[in-house]
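Features reported for this protein in TrEMBL:
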type	residues	note
TRANSMEM	B:103-127	transmembrane segment
TRANSMEM	B:133-152	transmembrane segment
TRANSMEM	B:164-182	transmembrane segment
TRANSMEM	B:188-207	transmembrane segment
TRANSMEM	B:228-251	transmembrane segment
TRANSMEM	B:263-281	transmembrane segment
TRANSMEM	B:293-315	transmembrane segment
TRANSMEM	B:327-347	transmembrane segment
TRANSMEM	B:359-381	transmembrane segment
TRANSMEM	B:393-414	transmembrane segment
TRANSMEM	B:434-452	transmembrane segment
Amino acid sequence: MEINKDLIAASSTPIVLGILAEGDSYGYAIIKRVRELSGGHLEWTDGMLYPVLHRLERLGYVEARWEVAESGRRRKYYRITSRGRAQLAEERRQWQAVDETLRGLWSALSIAIRYGDVASTPVPQGV
Amino acid sequence: MQDPDQDESLERQIDQWRSYLRRRQAIHSVDVAELEDHLREQIAALVDGGLAPDEAFLVAVKRMGELDALSREFAREHSERLWKQLVMPASESGEPPRARTEAIVAVCLAAAAALAIKLPALFGISLDEDLGFYARNLSFFVLPLLVGYFVWKRRADRATLRWPAAGFVGAALLANVFPFAPQGYTEALTALHLPIALWVVVGTTYAGGRWSDGAGRMDFIRFSGELFIYYVLIALGGGVLSAFSALIFQAIAVDIEPFLESWLLPCGAMGAVVIGSWLVEAKQSVIENMAPVLTRLFAPLFAAVLLTFLATLLWTGRGVDIERNVLIAFDLLLVLVLGLLLYSVSAREPQAPPGAFDVLQVVLVVGALLADAVALWAIAARISEFGFSPNRVAALGMNVILLVNLAWSALLYIRFLRGRGPFSDLERWQTDYLPVYAIWAAIVVIAFPPLFGYI
């Protein structure tokens with residue numbers, strides 16, 4: 001299953017903020033965590049994460065700092081700020097609203113399918 | 001255990017990938033470092049999973065995404081990076097802290113220059129009464145500080161400073177020891193020519209050890225043109241500042257014109273030289289040079305004016321009216337055409353084949369030469385009538401120097417157009433000619449006052 005680009009773009013902010021709310025992290029680890037969480041369904045192009053991180057940094061949701069990692073390389077770590085937490089809470093409310101709407105719809109549809117209503121409902125033509 | 005050969009080839013591949021990234025304007029070097037860390041981590045994980053290093057590299061690069069798409073995404077987030085910024089806080093863009101030190105040094109030197117011009121006032125030499133003193137010494141208030149800036153910037157060693165220092169001290173002595181007649185011709189000539197001679201001395205410190213090299217002198221020519229443009233821009237800003245402050249203080253019935261005249265104008269004029277130089281140095285690789293752009297814009301217009309002038313001259317058959325300032329006017333014309341030629345040469349790719357703009361340049365130079373020849377002819381015919389005044393000799397000398405330069409340039413240019421010589425000949429001719437202006441200016445400063453009795 002491939003999730004479409006718009007959906008990935010829209011969900012990137014809450015996902016990244018959510019992962020950073022678990023603890024400070026850096027690009028590669030964030031991508032790894034996304035893969036783990038989504039069971040491999042959310043395939044991000046690795047490089048695209050960085051413009052997202054930079055946007056969140058510009059908006060003041062995350063802070064970046066350079067540290068020397070155990071590998072000896074310089075690595076840029078990100079940390080969520082209080083504004084970022086507020087934004088995450090806001091995103092969460094919005095996504096929950098979307099989720100609830102869809103859930104309601106899915107269950108209504110599955111009931112309809114069970115009673116065979118969908119098959120008899122005329123499908124609009126020529127849209 | 002990893003094979004060292006494979007490690008080496010991996011490093012080479014990563015180097016190449018990094019250099020591709022660096023070419024993208026929207027991706028700064030800090031971002032490249034961040035992406036590289038990601039790439040290496042990914043490769044390490046893939047190698048741990050059993051892939052060979054070069055396979056791991058390919059997979060990791062693929063996962064990173066296409067460079068075009070990536071740089072587009074970066075450009076969308078950092079759109080300001082597509083506008084080349086000159087005055088930027090150096091902290092986050094990964095530039096070395098030296099940029100900030102340089103800004104501080106430049107501002108301090110500019111402040112020193114601004115104070116230097118007020119120093120004589122402490123000894124009772126005021127700008128209103130001793131204009132001659134200020135005119136003769138104008139170079140000494142700011143140029144030594146500019147030299148100091150370049151010495152600091154190029155980390156020049158003291159030994160190379162001996163000649164410029166000697167030049168400045170000698171010039172300062174001459175300018176102040178000669179018994180000039182008040183407001184005389186020779187004093188005005190000294191005031192005009194001293195900065196030209198000393199500017200070339202500044203050039204030797206600008207170029208550091210590269211003055212003997214044609215490329216070093218060409219860099220100084222580029223620098224001078226850009227500095228001129230920046231200076232004009234700063235002066236415009238200063239004019240707006242003065243007008244604005246005069247207006248608002250007028251509203252509360254306070255006359256600040258004396259302050260503007262005796263402080264803002266002279267101090268600003270001095271400080272702006274150093275600030276302008278610093279900006280030109282800082283922007284050098286950041287922003288397109290302006291002088292060649294203006295050259296492109298104005299060379300055709302000047303060529304059109306000159307051709308029309310020559311055609312009108314021929315058509316009407318009028319002689320050139322020898323007025324007091326006509327020689328100066330033709331000198332200025334030659335300086336202008338030389339400037340247009342110089343700055344288009346400075347920006348031209350030497351290997352490019354001759355084009356339409358090159359033909360236009362030749363037309364411009366030849367037009368200027370013809371116009372000047374007409375003027376010189378008229379002047380030569382009547383110069384015995386006037387006799388030799390210091391002004392006339394100085395103007396004539398300058399005219400001859402410029403004429404020789406332009407005539408030879410036209411010859412070299414035509415040879416290049418006909419495919420008989422490389423463009424670099426013209427470039428070398430121009431850079432080799434620089435000392436000639438300095439020597440002539442020095443002659444005017446050193447020999448003219450005693451020769452003409454300090455009138």
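Think of each number as a place in line: the chain as shown, counted from 1.
Heads up, the Cβ atoms here are built off N, Cα and C, so glycines get one too.
No curator has checked TrEMBL annotations; they are predicted automatically.
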**OP:** Take a look at B:133-152, B:263-281, B:359-381 and tell me which one has the most Cβ pairs under 8 Å to the transmembrane segment (B:103-127).
**Re:** B:263-281
Original post:
Which range out of B:188-207, B:293-315, B:393-414 gives the transmembrane segment (B:133-152) the most CB pairs under 8 Å?
Top reply: B:188-207
Original post:
Who are the chain neighbours of the transmembrane segment (B:327-347) in space, where the CB to CB distance is under 8 Å and they lie at least 6 residues beyond its ends?
Top reply: 218, 221-222, 225, 289, 291-292, 294-296, 298-299, 302, 306, 357, 361, 364-365, 368, 371-372, 375-376, 379, 392, 395-396, 398-399, 402-403, 405-406, 409, 426-427, 430
Original post:
Can you find at least 3 Cβ pairs under 8 Å between the transmembrane segment (B:293-315) and the transmembrane segment (B:263-281), where each pair is 6 or more residues apart in sequence?
Top reply: no
Original post:
For the transmembrane segment (B:188-207), which recorded stretch in the set B:164-182, B:228-251, B:393-414 gives the largest number of Cβ pairs separated by under 8 Å?
Top reply: B:164-182
Subject >> Chain residues in Cβ proximity to the transmembrane segment (B:434-452) (below 8 Å; excluding those fewer than six residues from its ends, i.e. six or more beyond) >> reply: 171, 174-175, 178, 180, 185-187, 189-190, 193-194, 196-197, 199-201, 203, 217, 220-221, 389-390, 393-394, 397-398, 401, 405
Original post:
Hey, which bits of the same chain come close to the transmembrane segment (B:164-182), Cβ under 8 Å, at least six residues off its ends?
Top reply: 132, 136-137, 139-140, 143-144, 147, 190, 194, 197-198, 201-202, 204-205, 445-446, 449-450, 454-455
